[in-house]
């Protein structure tokens, strides 16, 4: 009893303590839009009044504001900016509150006045600007051009900061599927005439509770309804917040937490209840004569029940009083946040009440004569006996069918738990117990009959005794314990392995480093390759590509499949086999390498022209600026050359020529027209000219998920960065490594880069790095978000950690309760058989033979029980464990969970319980045989 109280009281206390930590972790991991409220609206002439009204509406929460200019374009845009069909590159001008508190400078300084601007790093790279250069902005309404000095280039300090909801283009440098580049930060009022405004309110969620988050969500929803009227924004107001979504998810997550913690508690209750009922039955059996005597002397059932209740209370009361403080004290050694509160005492009281009832029930049976009490049980019809059994089996089957269609947890009847999620494993174990009760006795008799053919008299006697047992109590107890332990180990292992699989899917490699500025600075590849512990570095970029109208865009990941072999990691079933095989298909479909090699050469031009060599992987080499009479001689070399970008600021065509290279080139102007050289290899440059190799893949090989394939109406092309590229689908897979999106595409980057540069002059910068190895000493690196697979797999997830701890506790508790039940049954069996053993001893059977027979009897029963429990536990775990694993957000894990069996612990638990049964039976048998002489003297005394 003490063991059951300890376990249940400890699980109750731990469940409450783990809730607060889990909520804090879930809020910290929430998306930025789920932690803030974003408001947009027109400012007009009363901008200050509207600003004040919005701030007052969300007080006391801090509010950051922004102004957005419109109608401005970048004159003479360089870099990789792609104009629209009219040849215009638009500017995303913004004025931001408190920018230096949320961003860090990459170069230069913050604007000192209205004559300066500061650019986000991706926008600066796309526009070909650096600190100190001049940005020319054209008012598309009047044609007026303003020149502004770029005082600095900056990047976000924290990419998860909700602040960047005010300017979401900060990470890519341009608005999706547009030719608008920014943010370009300025304080000059001229840019914000007739501007719109944005406000970001961030409620206090530092030490959240579910109730506090829900109240915040309700307040945000109410303010969303009233704000257009109270602020004066009217129909121009748009209010967006994900806080209600966060509140819903937290409630679901807490429901999952409660439900998963109830599962081990139910297993302990079932085991404890069965053990207690077994002890009660053994006590009733041992005291049958005393009970009959009391009835013969006039004792009523009420009096007998009172005596039994008093005896039960004396047994369970110490456990109920000592169990809760002892459990909390033991947990407090490792989990200081655990406290003793009223709920723990309530659980102990309920358990004690159940124990008293279980010990009292046998005395409430309708009494009969002693002869009737000692005669065999009446045999009931099969259907009547199987009624409750069929109900349990039906419930287990229904639970399994429901779990297969499980979408999200639901709290039923205000219980605060999901009954299906909580009870499914226990119902499965109970179904196994029902089958064990019905099948184990005949199986034991069959096994005894087969073993009876041996020559050993002790084996003959032991197996005969096992076959004639009137009840299957110890076998069922052991089967229940082994099944519960097996299910607990498998549930915990499956959840833990699923967490590791989720980390592999999310990261896609050992370590993935993402550029917070969107683009990699020069020399980043060398920095990463030089880190201790790094084996291979693969540059990559990702983007979103549009699908069929009305569908969500698909995530695109581009990397070199040849270089990524051995770097990319994924679970084999998600990529249709080993990821190396998938990468091999992509590399083979791309054909031979079409890039060239840069060799030392010479550049001449008739006017100032700036030339840049462009390589695969987004790498660029500045070859310098040539001019009339001032040629550029360069010595730079390198492989993977895609071509050259030539920029001229002259309004007139400029003659340009490069020598020293060993292949033919194809030239294309910024408007997409092919430019042919003269007989001497001289090109006419007007604005920008792109020089590419003539040998380029016709199509780009891709692998895409099933969801992405269904989302595309045309699988012959993709629109990447506004450019349409022909593609060749080489594989359809379940998930793309490194992406948790259902619709995702994996692309051969060298082929894609060659096609983009050849057809559109587009160069995609590296946005992230896939690294094989365990890099260390990252102190010298900045501007990187590090995603470590091992760190994510082993990181703190309070919700799942609490469930695993509880399941481990249930497994150990099952073994402890089973050991107690087996010990009680072994002792009762020895006492019950004392007369039989004395008679056999009188007839010549030696004490050793009798002791061995008792041990063999228990060994046979324990072995059958352990094997049955092992089989039942594995079947239940295989059917239900993968379906019971959910994320902290109460969603299905990505990828789906697969059954994981801890064979060592599972088989070890079964073997340990069998050994405990043998050890207990050995001690009991030795004790019983030592008392044989005294028992022989009392033969016939009770007749």
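Glycine is treated like the rest: Cβ placed from N, Cα and C.
Some features that TrEMBL has for this protein:
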SIGNAL    1-19  signal peptide
TRANSMEM  261-283  transmembrane segment
DOMAIN    265-341  domain 'ABC3 transporter permease C-terminal'
TRANSMEM  304-323  transmembrane segment
TRANSMEM  343-365  transmembrane segment
TRANSMEM  386-403  transmembrane segment
TRANSMEM  423-448  transmembrane segment
TRANSMEM  475-495  transmembrane segment
TRANSMEM  805-824  transmembrane segment
DOMAIN    810-930  domain 'ABC3 transporter permease C-terminal'
TRANSMEM  859-886  transmembrane segment
TRANSMEM  906-928  transmembrane segment
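The stretch from 304-323, 343-365, 475-495, 805-824, 859-886 that makes the most Cβ contacts under 8 Å with the transmembrane segment (906-928) is 859-886. DSSP labels the residues of the domain 'ABC3 transporter permease C-terminal' (265-341) in these numbers: 63 helix, 0 strand, 14 coil. If you take every residue in the domain 'ABC3 transporter permease C-terminal' (265-341) and average the pLDDT, you get 78. Listed as Cβ neighbours of the signal peptide (1-19) (distance under 8 Å, sequence separation of 6 or more from its ends, same chain) are residues 254, 257-258, 261, 264-265, 268-269, 271-272, 275-276, 315-316, 318-320, 322-324, 326-328, 330-331, 335, 337-341, 343-344, 347-348, 351-352, 355, 798-799, 801-802, 805-806, 809-810, 813, 816-817, 820. Taking Cβ pairs closer than 8 Å, the transmembrane segment (475-495) reaches residues 263-264, 267, 270-271, 274-275, 278, 425, 428-429, 432-433, 436-437, 440, 444, 800, 803-804, 807-808, 810-811, 814-815, 817-818, 821-822, 825, 861-862, 864-866, 868-870, 872-874, 876-877, 880-882, 884-885, 897-902, 905-906, 909-910, 913-914, 917 in its own chain, all 6 or more past its ends.
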